[in-house]
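Novice: So that we are looking at the same thing, I have put the structure below in structure tokens.
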Amino acid sequence: MRAQPTASHYVNGRYIEDEGGAPLPVIYPATGETIATLHSATPNVLELAIEAARAAQPAWACIKPVERGRILRRAADILRARNADLARIETLDTGKAIQETLVADAPSAADCLEYFAGAVATFNGEMIDLGGPFAYTRREPLGVCVGIGAWNYPIQIAGWKSAPALAMGNAMVFKPSENTPLSALALAEIYSEAGLPDGLFNVVQGYGDVGAGLVGHDVVAKVSVTGSVPTGRKVLSLAGSKMKHATMELGGKSPLIVFDDADLENAIGGAMLGNFYSSGQICSNGTRVFVQAGLHDRFVERLVERTKKIRIGDPLDPETQMGPLVNKAQQDKVVSYIEAGKQDGAQLACGGHVPSLQGFDGGCFIEPTVFTGVTDNMRIAREEIFGPVMSVLKFDGEDEVIERANDTEFGLAAGVFTRDLPRAHRVIAELQAGTCWINAYNLTPVEMPFGGVKQSGIGRENSLAALALYSQLKAVYVETGDVAAPY
Ligand code: NAD
């Protein structure tokens, strides 16, 4: 099952290879089979990519926004036309079930390109009346931007970063996660085919050291990272030491609060989506499910019933609902958290094992897992697991649950299920989280800003907020009378 791309890197409109870089094996997580071997970028490749971006960006910034948008729009159409092929690449790279990658990965990138293609022409500065003289502001691009991706949504992340950057007139060098390097190359090809001038979107592969090399490069004006909190801290301090703009999309341990009056099946559906989709590898997952005492037992009973029916197995089978985790290291990490949950006294309500699946012996699977009787100080309730492990916590009152939900260093997302809408808005207003849902969970339409507070990050992706963060304001004062000089 080979998925070898033409070469490791895409720079200045073409594939390039430098076998001097560290080997980067691409492993299909369902079987452990090596499906491609790429190479990490050498300093030479990195320089070529930055130089290509630097050289191409000024002319791109001078093109009318509506014309830049037209190219992004064409790329969105190609993404949609190739959705089936892209979904297959994404499934082979990440292990996520094809029934997910067909609807959630390239389609999300396409939505993003389409949105920014249209939005950028309306995203302008303002005129400020000063009673005679006036001022105006210009939204100018930053220059060369760096995007660094995580492995859970590779093409979506590449789209969410490149679309607002390019729409605004910047160039980008993108480094995918070393675990999932394939689909960003496909996106680069698509941009070229859509007419994006060479050098504006470059892909270089590599581990953290390549990421750090990009972040520290003097030509780079902005960096946007999707990754863990420890990586975000390192990148932000390096970027800060050189006064670069930075957007940090980091991890979470988000609360999902279910009140007694919630629609039971919808709340359970939200909790399952917020814990088991993408085998639980979603930053905004609501992994602390607080259920009010009056509904708790019924909630758990139905949750377990529905969770046991999840079809786990061959990710390329359209009937499969859950594939493996991305790699062995992540599988081991999740297994160790399941052990920690048991040791700390939580009750394993279902799952918790590595399933044995015929034909997938080398696969990194873990059953969807529910712990009940979880208390606030257990490790499974405090640390990001990034796997299909849900913790159910019982609560009595509104003030109590708000305090407990906020008792975390993270602040990426939060959700509330209730039929009492005044309460829903009241509780959401108190929750320390950047992205929230009422009677839903984990929906991320491109029109809505996405990002975290506290340790979960800085800045936002999607929406007009992203255009603001890929641009800088220039303010211009215009005198219409004489200069009043006292000299
Ligand atoms: P990670 O932090 O290990 O790696 C993320 C990326 O950063 C990779 O491309 C990696 O090579 C690069 N990197 C590592 N060290 C670096 C350094 N010193 N300088 C520059 N780049 C460096 O994260 P991961 O394991 O790939 O992804 C999982 C994490 O990502 C989870 O914590 C998850 O919550 C988070 N995540 C957040 C969002 C969001 O939008 N908030 C979305 C998806 C994933």
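Heads up, the Cβ atoms here are built off N, Cα and C, so glycines get one too.
Automatic, uncurated: that is what TrEMBL annotation is.
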Novice: Given that TrEMBL annotates G149, A150, W151, K175, P176, S177, E178, G251, C283 as NAD(+)-binding, name the residue from E51, E383, E384 that shares the site.
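Specialist: For the NAD(+) site that includes G149, A150, W151, K175, P176, S177, E178, G251, C283, TrEMBL also lists E384.
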Novice: Roughly how many angstrom lie between the C-alpha atoms of E461 (active site, charge relay system) and E178 (NAD(+) binding site)?
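Specialist: A Cα-Cα distance of 22 Å.
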Novice: Out of D93, K161, E249, K454, which recorded positions have CB atoms lying under 6 Å from ligand 1?
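Specialist: Passing the 6 Å Cβ check against ligand 1: E249.
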Novice: List every residue in the same chain as E249 (active site), at least 6 positions away in sequence, whose Cβ is under 8 Å from its Cβ.
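Specialist: Non-local contacts for E249 (active site): S224, V225, T226, G227, C283, F450, G451, G452, G457, G459, E461.
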Novice: Around C283 (active site, nucleophile), how many other C-beta atoms are within 10 angstroms of its C-beta?
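Specialist: If we count other Cβ atoms within 10 Å of C283 (active site, nucleophile), we arrive at 26.
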Novice: Of all the recorded positions here, D93, E178, E461, which one's CB has the most other CB atoms within 10 A?
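Specialist: Checking each of D93, E178, E461, the winner is D93.
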Novice: Among the recorded positions listed here, K161, K454, which has the most company in the form of other Cβ atoms within 10 Å of its Cβ?
Specialist: K161
Novice: Expressed to the nearest Å, what is the distance separating K161 (active site, charge relay system) and G149 (NAD(+) binding site) at their Cα atoms?
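Specialist: Cα to Cα, K161 (active site, charge relay system) and G149 (NAD(+) binding site) are separated by 9 Å.
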Novice: Filter the binding-site residues I27, D93, K454 down to those whose C-alpha lies within 10 angstroms of the C-alpha of W151 (NAD(+) binding site); answer none if the list is empty.
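Specialist: Cα filter at 10 Å returns D93.
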